[in-house]
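**Student:** What TrEMBL records for 6-35, 56-77, 83-109, 121-141, 147-168, 202-227, 239-257, 269-287, 293-312, 333-353, 359-376 is transmembrane segment. Summarising the annotation, TrEMBL assigns domain 'Major facilitator superfamily (MFS) profile' to 202-383.
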Amino acid sequence: GAATQFSIFLFPLIAIYLYNTNVMQTSLITFVTFIPNLFLANHAGIFVDRHRKKKILLICNIISTILIFLLILLIMLNVKNIILFYFAILLSNTVRVFYTLTYGAYIPVLVQKKDLKSANVVLEIVNSFVQVIFPSLLGILTKYIALPLMTVGYGISHVLSLIGQLFIKDKEEKIIKTDTDSEESCIEEIRKSYIFVFSNELLRPIIICYIVLVFCIGIFTSVQSFYILKELGLDKSKLGLIMGIGNTGFFIGSFLTPILSKKIKPAKLILFSISQYFGGYVCYFIFNSITGLIIGQILISTAIPVYNINVVTLRQSITPIERLGSTTSIFRVCGRGLVPVGALVGGILGGLFTSRYTVLISAFIMLFSGISIICSKKLMKWE
């Protein structure tokens, strides 16, 4: 969580202030952050299903820590090569694909199926704390500490994560056993996973919704920092304030979801979260004041846990544990894999129509993500 916040919040600041990037160059950070999902997630998911998950988590964290400290060294030595900067972020997030897929597939190993929603709520609350504290803290610290020094905190977050994983108790895992780990065998597993997801009456509308939603998130995220810092002319501390206070919505959404789940079906909660995304993006377009932007960010951050808890719990509940890695990887490819596409579109639209109107365009595209949910009668009735 902390590592992700450093990547989302700090890297665009480094690009804008140390590399003097324009809107297209800044949007490429989002592109290189998420592009590994598109090309590697399927194979990574099969790999996760075939190997011990705790071991993968530890190895990924070790590699990530090494890569991040190499990136820190690059920045500290004042090597202002934007290509190397992009490449370091790309490598780090390539490893993160394996880490996040393993993380999601490991939860049902540690937690009984009946407790999955409660476990996901707790994880979202912890994530909410990180989402609120880190942007605010980073926004304040950037006034007093140089950006290159701030990247050290990114490295430390990986070290702390590695230490924490050492204390996870070993549990027996179900692993897919194959006669061969050949490319042909891997492709066959990927094919079966796609058939499973797109033939399932509950997962199919969810993944279609996710594709559109994440594409819009890619557009918005790619121009968000540039819009606030350059077009609105606010400084780094104001950006931290907007993100910090605005992300209190994560707490609201995390605590609200279990209460709403008792009275409202998951499909309607997913549609509710989409409407929150739309409202948040529109606030960014309408308001130029810090207060208005904070309101918009609260709406967006409230939507995230409401959406995630319902979708993740649904996926974990109906997918066999030994196939969770490959199934989750499909959501990565079809969802987060499209964030780079959205980022490129955001960069192009930002150059053509300004970042402000790019935000508005992403808001209206977001509304289309709910169509597949509404059209699925089975999903609308599912409890």
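Residue numbers in this text run from 1 along the chain shown.
Every residue gets a Cβ built from N, Cα and C, even glycine.
Just tell me what is around each of these and how deep it sits.
**Tutor:** Beyond the ends of the transmembrane segment (333-353), by six or more residues, the same chain brings 23-24, 26-28, 30-35, 37-39, 41-42, 207, 210-211, 213-223, 226, 361-362 to within a C-beta distance below 8 angstroms of the stretch.
Proximity of distant same-chain residues to the transmembrane segment (359-376), defined by a Cβ-Cβ separation under 8 Å and at least 6 residues beyond the stretch ends, is recorded for 201-202, 204-206, 208-213, 215-217, 219-220, 223-224, 227, 267, 270-271, 274, 277-278, 281-282, 284-285, 342, 346, 349, 353.
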**Student:** Which sequence positions outside the transmembrane segment (56-77), separated from its termini by at least 6 residues, show Cβ-Cβ distances below 8 Å to it?
**Tutor:** 3, 14, 18, 47-48, 84-85, 88-89, 91-92, 95-96, 98-99, 102-103, 106, 147-148, 151-152, 154-155, 158-159, 161-162, 165-166
